[in-house]
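Only one structure is covered here, and it is reproduced in the block below.
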Amino acid sequence: MIASSKMLLSASILIYFLLNLQSSSAEIADCSFYDTVDISEGQRLSNGSYLYEGLLIPAHLTAKYEFKLLANGDKEQVPSHVRGCVCKLRTCVRFCCPHDHIMDMGECYANMTTEENELLDPMLNVTLDDGSVVQRHYKKELMVQWDLPKPCDDMFYLDNRDIMDEYTLFENGRLLRHYDQVYLDKSEYCLQHRTFGEGNNNSIRIIPHNCLILPSRTGQTVVMITSLICLVLTIAVYLCVKKLMNLEGKCFICYMMCLFFGYLFLLLDLWELSLDFCKAAGFLGYFFVMAAFFWLSIISRHYWKCLTNPCASMNIRSERAFLLYSCFAWAMPLALTGVTYLADNVVNNEEWQPRVGDEGHCWIYTKSWSAMVYFYGPMVLLILFNITMFVLTAKHIIDSKRTLRKIARNEGRIQKLNSDKQNYTQFLLLFTVMGMSWSFEIFSYLVQREKLWVNIFLVADYFNWSQGVIIFVLFILRRKTLVLFKKQIFPKQRAFSRSATQSTIESISQTKRHFNMT
């Protein structure tokens with residue numbers, strides 16, 4: 001009898017222990033962690049149910065949890081707390097931070113001020129299961145979930161005032177991103193308040209934040225690194241060959257250096273290697289791209305001036321001309337960079353801000369019309385200037401050649417004109433390459449709201465990234481440059497060739513004299 005009592009007591013203790021163990025580690029049946037809320041601060045009723053923020057949660061929809069879910073799906077041990085499957089009872093709205101926080105650049109900032117609370121628009125458009133759209137107060141009519149893990153570290157927000165950023169929030173918590181027609185569940189986005197500058201007035205709205213869309217970077221990386229290597233090789237050849245270090249060659253080297261650093265900062269941004277100095281990298285990249293355009297404009301004007309007015313160009317020494325060109329080609333992009341920096345810090349309206357370093361990209365923001373003012377606008381003007389210079393130069397070459405043929409057969413002048421024409425044609429190809437690639441970039445910016453055109457202009461992007469390769473092929477892998485490079489690298493071989501030729505001539509002369517004497 002005593003033994004039976006002991007066995008019964010042991011079994012009761014074991015069952016009690018197992019039940020407690022199960023309840024402490026159990027999850028709510030048929031309820032995702034993303035549909036739960038920590039209700040530990042709610043009122044527990046005698047029947048095991050909870051009263052939380054005016055909502056009665058039955059006991060079978062509650063459980064003790066000893067973990068929290070991480071963004072990658074792993075579980076992290078935390079102190080025991082009670083969670084309720086509230087999203088089965090009321091429409092939930094998934095926040096990134098507590099409801100009285102503001103998010104900016106992916107970071108939460110605590111405790112909104114009274115003034116900020118007055119600016120807050122608390123209403124959300126929610127699409128019901130029947131397709132109708134209703135407005136709901138985020139705090140009074142919805143259940144706020146704020147203790148769920150952030151989807152990722154680098155997030156960007158959707159501002160539905162922009163057609164590219166339109167979205168639909170559904171009653172079941174899913175979000176439709178209109179741009180690419182992708183449905184996101186609550187593990188892939190979160191909502192939070194954000195301050196928007198609108199002229200002299202600010203507003204605070206609840207907007208979704210989702211993870212950055214990162215396409216494959218392999219192709220772009222390979223093309224850009226190859227392009228950078230080709231630019232370095234081209235610069236090295238020009239620095240090595242003395243005959244290429246004329247005024248045009250020096251300007252061309254400056255142009256390639258600007259292109260090199262512009263691409264370098266783009267590559268650093270692509271691989272998120274410039275986040276520690278994001279704004280500085282964005283402004284430096286902007287400066288070098290603008291400087292490349294100004295150096296190309298210098299080259300086009302130089303050829304126009306030399307061919308249309310050779311006397312005037314001869315009066316200016318090469319060193320002095322290069323100094324003047326340098327002052328202009330470096331000062332103008334520096335001034336544009338200064339204006340852009342000033343606007344980025346002074347202008348309050350986001351539509352007119354350059355927003356360098358915004359949304360995790362260390363570059364000028366290209367999704368608004370402000371990019372046309374600070375980036376693409378100056379680019380268009382410089383492209384038009386270059387077109388004008390090259391057209392005028394081409395017209396002069398054609399007219400001059402026609403005139404020389406009519407007047408007399410001045411072989412010297414015709415030969416010089418042909419040489420000038422070859423140099424001009426070479427730089428015309430350079431301008432065509434750069435002008436076309438950046439023109440495609442501008443068109444891509446203008447039609448970025450159309451998904452079809454975005455895919456089409458992806459080819460143009462690769463063309464743009466490969467400019468270094470094209471320059472190397474056009475300017476280095478041509479017979480004239482290769483011959484000059486060979487002579488510069490192997491001067492002894494040239495001397496030996498001359499010596500051998502002279503010895504051969506002398507030998508032939510001696511043989512002739514020998515036969516004559518005979």
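One is the number of the first residue shown, and numbering goes on along the chain from there.
Placed from the backbone N, Cα and C atoms, the Cβ positions cover glycine too.
Straight from Swiss-Prot, the features:
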- 1-26: signal peptide (SIGNAL)
- 27-220: topological domain 'Extracellular' (TOPO_DOM)
- Asn47: N-linked glycosylation site (CARBOHYD)
- Asn111: N-linked glycosylation site (CARBOHYD)
- Asn125: N-linked glycosylation site (CARBOHYD)
- Asn201: N-linked glycosylation site (CARBOHYD)
- 221-241: transmembrane segment (TRANSMEM)
- 242-250: topological domain 'Cytoplasmic' (TOPO_DOM)
- 251-271: transmembrane segment (TRANSMEM)
- 272-279: topological domain 'Extracellular' (TOPO_DOM)
- 280-300: transmembrane segment (TRANSMEM)
- 301-321: topological domain 'Cytoplasmic' (TOPO_DOM)
- 322-342: transmembrane segment (TRANSMEM)
- 343-371: topological domain 'Extracellular' (TOPO_DOM)
- 372-392: transmembrane segment (TRANSMEM)
- 393-426: topological domain 'Cytoplasmic' (TOPO_DOM)
- 427-447: transmembrane segment (TRANSMEM)
- 448-455: topological domain 'Extracellular' (TOPO_DOM)
- 456-476: transmembrane segment (TRANSMEM)
- 477-518: topological domain 'Cytoplasmic' (TOPO_DOM)
### Query
Given the glycosylation sites Asn47, Asn111, Asn125, which lie close to Asn201 (N-linked glycosylation site), meaning Cα to Cα within 10 A?
none
### Message
Using a Cβ cut-off under 8 Å and a sequence separation of 6 or more, which residues in the same chain sit near Asn47 (N-linked glycosylation site)?
### Response
Ala59
### Most Cβ pairs under 8 Å with the transmembrane segment (221-241), selected from 251-271, 322-342, 372-392, 427-447, 456-476
456-476
#### Entry: For the topological domain 'Cytoplasmic' (242-250), sequence-distant contacts whose Cβ falls under 8 Å of one of its Cβ atoms, 6 or more beyond its ends
299, 302-303, 318, 321-322, 423, 427, 481, 484, 488
### Task
Using C-alpha atoms only, work out the spacing between Asn125 (N-linked glycosylation site) and Asn111 (N-linked glycosylation site) and round it to an integer in Å.
25
### Query
What average pLDDT does the predicted model assign to the topological domain 'Cytoplasmic' (477-518)?
61
### Query
What is the three-state DSSP composition of the topological domain 'Extracellular' (343-371), stated as helix, strand and coil residue counts?
12 helix, 0 strand, 17 coil
### Query
What same-chain residues lie close to the transmembrane segment (456-476): Cβ under 8 Å, and 6 or more beyond its ends?
219-220, 223-224, 226-231, 233-234, 237, 252, 256, 259-260, 263, 426, 429-430, 433-434, 436-438, 440-441, 443-444, 447, 482, 485
